[in-house]
Ligand SMILES: *[C@@H]1O[C@H](CO)[C@@H](O)[C@H](O)[C@H]1NC(C)=O
Ligand SMILES: [Zn+2]
Ligand SMILES: [Zn+2]
C-alpha cells in the first residue's frame with residue numbers, strides 16, 4: 001500500500017509536468033503533449049492497476065447480468081468509485097452510473113463502458129466461468145467496465161492536472177435495449193462536449209486499434225409479422241387460404257428491397273431469420289410468423305426500409321388472400337441509429353493512439369453491418385468509437401463476440417484503460433472550445 005502511494009506520487013509529477021509547462025507557453029502541439037499517452041499506458045500496465053483491473057473483470061465475468069438487471073455490477077462499480085473517492089450519480093437508466101473526475105467545470109469530456117451480458121450459456125471451462133446459468137459476458141462488456149474503472153483510477157491519481165472534467169459513463173443494456181438512450185434521457189451528457197467509446201475486437205492484434213471517420217457500425221431495426229390465412233386439409237387447398245405460400249412470397253419479395261430499391265453504394269441488409277408455421281405434413285396452418293432485422297448506414301435508409309418492409313409484407317400477403325400485421329417493436333427494440341464517428345475526433349484519436357502505440361498500429365477499418373448503441377450519444381454530441389485489438393498468436397484464434405466460446409485477452413485491459421484516459425486528457429488540453437455548442441453554431445450562421 002505504502003509503496004503504491006509513493007509510486008503514484010512520483011508518477012503524478014512525471015506525467016503532467018511537461019504538458020503543464022507547454023500549456024503555459026501556449027505551444028500546444030509540441031513534444032510534451034505527445035508524451036502523455038505513453039505515460040498513461042505505463043501507469044495502466046503497473047501491477048497495482050493491471051492486476052486490479054483483471055480482478056474486477058473476472059468478478060464481473062462470474063456474475064453476468066442482462067440489460068437493465070446489472071444491479072450487482074452497478075454496485076461493484078460504485079463500491080470501487082467510493083474507494084477511489086470519485087463522485088457519481090446513480091441511478092441513471094435503471095442501473096447506470098455517471099462519475100466525475102477533475103475540476104467539475106467545463107469543458108466536460110465523457111468516456112463510456114457498457115455493463116450488460118447476453119442470455120447464453122458459457123461453454124469455456126475456466127476458473128472464472130459464469131456462475132449464472134444461461135447468462136454470459138460473451139461480448140466483452142465485463143472487460144469494458146474494468147477498463148473504464150482503470151482509466152478512472154489513473155485519472156483520479158492526476159485529478160489536479162486535468163484541465164476540465166472527465167465524465168465516466170457506465171451504461172446498461174447495450175445489447176438491443178437502447179441503454180444509451182436512457183442514459184441520455186437521464187442527463188448523462190449534461191454539459192459534455194464529446195464522448196469516446198471502445199469495443200474489444202478478437203480479429204485485431206493486441207496493441208493495435210482500428211476505426212474510421214464517418215459511418216462505422218450500421219443502424220438496425222427488427223420486425224416480426226403474422227400472416228394469417230385459413231387452415232384446412234392439405235389435399236383440399238381450394239378450401240383453405242395458405243399462409244405458408246404467402247409467407248414464402250413475402251420473404252422472396254423482401255429480398256428485392258436491397259437488390260432492386262437500394263442504391264448499390266449504400267450498404268443495406270434485410271434478413272429474415274425466423275419462419276414459424278405449421279405442424280403437420282397434411283395440414284395447411286391458419287397462420288405463419290416471420291421475423292428479421294434490417295440494417296443501413298443512414299437513418300433515412302432505415303426509415304425507408306421500415307416503410308417498405310411493412311408495405312411488402314401486407315401487400316404480398318393480400319396478393320395471396322392473407323392478412324398480415326407487422327410489429328417493429330418501437331418500445332422494446334427501437335431502431336438504433338448508425339454509429340457515425342466525428343471527423344475532428346478521428347484526427348484526435350489517430351494522434352493520441354498513434355502517440356501511444358505507434359502510428360503503424362492505428363488502422364483504418366471497414367464499416368461493419370453490426371450495430372452499437374453508442375450511436376445514440378453520437379446523435380446528441382460529437383462522439384468517437386473504435387476497436388481495441390486482443391488477438392495474440394500465443395493464445396490461438398479468439399472466438400467472435402456472442403460465441404459461447406468467447407474469451408478476453410486480459411493483456412488488452414491496460415491499452416483500453418490508457419486509451420480512454422489519454423483520449424480524455426488530451427481532449428481537455430487540445431479541444432477546450434473547439435467543438436461549438438448548437439447555440440454558437442446557430443449564431444455563426446446568422
Ligand atoms: C452543467 O452546467 C450547469 C451550469 O454551469 C451546472 O449548473 C450543472 O451543475 C452542470 N452539470 C453537471 C453534471 O456538472
Ligand atoms: Zn454484443
Ligand atoms: Zn458489445
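Quick reminder: no glycine exception, Cβ is built from N, Cα and C everywhere.
TrEMBL does not curate its annotations; it predicts them automatically.
Residues 139, 141, 175, 402 are recorded by TrEMBL as Mn(2+) binders, and the candidate that the same record lists for that site, out of 199, 203, 420, is 199.
Proximity of the binding-site residues 139, 175, 402 to ligand 3, judged by a Cβ distance under 6 angstroms to any of its atoms, singles out 139 in sequence order. Sequence-distant contacts of residue 139 (Mn(2+) binding site), defined as residues of its own chain at least six apart whose C-beta falls under 8 angstroms from its C-beta, comprise 117, 118, 174, 175, 401, 402, 406.
Mean pLDDT for the domain 'Peptidase M20 dimerisation' (219-314) in this predicted model: 97.
The binding-site residues under consideration are 141, 199. Their Cβ neighbour counts within 10 Å are lowest for 199.
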